[in-house]
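Engineer: Residues or ranges marked as FAD binding site in TrEMBL: THR54, VAL317. Sequence annotations record features per position, and here TrEMBL assigns substrate binding site to PHE424. Under the heading domain 'Amine oxidase', TrEMBL lists 54-111, 124-525.
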Amino acid sequence: MATPHPTKEGFTYSPAAGLKRGVVTEGAIRPLQSLSAKADSKPFDVIVIGAGYTGLSAARDLTLAGRSVLLLDARDRIGGRTWTSQIDGEKFEMGGVSFPRDIRYSLLARVARTASDVTALPQTWIHWSMGYVWREIQRYGLDQRLSITPNELFPDFSFNKTNFNGQVIQEPFKANFQMCEDAFRRFCDVDGHNGATVIPIATQVVKGVLVNEELVKKYDQYSIADRIAEVRAKNICSERELAFLIPWFVLSWGARPEDASLLELIKWARHGENSFSFLAQILWCYRLTDGQSHLARNIFEEARRTERLCWSFETIVSSVTDRHGSVEVQTSKGTYKALKVVSTLPQNVASKVRFDPPLSALRQEAFSIKHVGQGHKIHSIFNRPELRSGVWNAWHETNDPPYELAAAFGDHTLRDGRVSVVAFGGGNSAKNLPSQDPTKIRRWLKDVDPIFSEAYEGSVWHEWIDDPYAQGHWNMHPPNYYTRFHLELQKPHGNVEFASADWADGWKSFIDGAIEQGTKAAYRINQELQQRPRSSRL
């Protein structure tokens, strides 16, 4: 494991120590730059903009193919929107999403439940059904470093509790899981065929031999709120069932249901054959014991060992100019040239970079519309071990009262016996950030359940919705976006490849989708460069 270094990102707070910015992570790269800040007149084969999983996988594949690569990132670390912090020997997943154990019950009920199984483990969900990321995990031997979160460690707290529209409902895991399984299937069965006529193949939403463009466009117009209204009108799900499903939608999208695409929900359901339990096994059971930053570091180090990789972190890209068979990238640390560029800029910040020639009007419109993933993710520490087994939800459809946090659940047990509870918001605003007044985190948690006002000791988080290089967490589309822009976003622009998990065909917005996009871009570029002489730059 690489030596962790400080990053300027992330926040910690405790009533005793106050607010601090910056934590330690294995993803922090030192030195920040491996080449002179002065621009070199000889171009690289490829410049990769962004060192998240898309950029890392593209850089790794290209260097292994013999290409000289310059990797640029505005941050001081790798990993992009997915990274692992280390605080007092504990690991916390700062990005990505973790989901409550009630939806993992059927699998985890077969797992041994011992306290030692849950000591100091990060929440990092992966599965062999995600082919791209599983290939990477096996490549680096990390499939031998997997952990499964046990369930029901504290029987009295093995429940799912929701505060929905002012009504509090609490149910034991097993009964609640079965209810959610049945309700989810009915909710997502929009066509009487479990969504199979809308999305026959989950990795082919808008283009494929079985795609029915008329049906896809129809359901792309609808929000999850539209489906909720239909479900209520037709008595497809009970109010009790919706009291658990709707907060889960808010947690998953980081948005209010009226802002969330129904087509995207159908896609998720199709990945799991409309089964809550199968989807749970794919998404929310298995994790990397060493954290996501460890996997990212493995990819980076393999590229570095080729001696064909240069990098420059804390380097902000301002423009990309494609002229006369090469591309010039202007940054805060100099101007660099390459034959090809891979841009992995996320959807919500891609418009900050000027491209010449200009991007198509359709792509510019796509970048002007922000994805709706705007939720807090906050880890909080409690000196109440029994909170390890609980799941809590809170949502009010009229937003009166407003809830900053839509869900919270026991995340992992620390070495000293305390417990980390992770909470998520939905539709949050950058005008109301935890760092502005960290004492309100405790109040937000209390709104979810008064029990969180007890034994609170502090929090750790990353403010994704105010992050200048992300402006949101994982990508979730609003209605009427997928069919209008998905294919356009995947097109190259001259010598610039646009690759991002934000428009992956498979597990869009997941690590798997990021690697899908990075490896595809690297393959296409390498095929094209085979028609040109290789660079002898490195």
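Backbone N, Cα and C atoms are what each Cβ position is placed from, and that goes for glycine too.
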Engineer: I need the CA-to-CA distance for VAL317 (FAD binding site) versus PHE424 (substrate binding site), whole Å please.
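Structural biologist: Rounded to a whole number, the Cα-Cα distance is 31 Å.
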Engineer: Give the three-state DSSP assignment (helix, strand or coil) for VAL317 (FAD binding site).
Structural biologist: strand
Engineer: Average the pLDDT scores across the domain 'Amine oxidase' (124-525) and report the rounded value.
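Structural biologist: Value for the domain 'Amine oxidase' (124-525), mean pLDDT as a whole number: 94.
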Engineer: What number of additional C-beta atoms lies within 10 angstroms of the C-beta atom of VAL317 (FAD binding site)?
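Structural biologist: By my count, 23.
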Engineer: Distance between the residue listed as 'substrate binding site' and THR54 (FAD binding site) at the Cα atoms, whole Å?
Structural biologist: 25
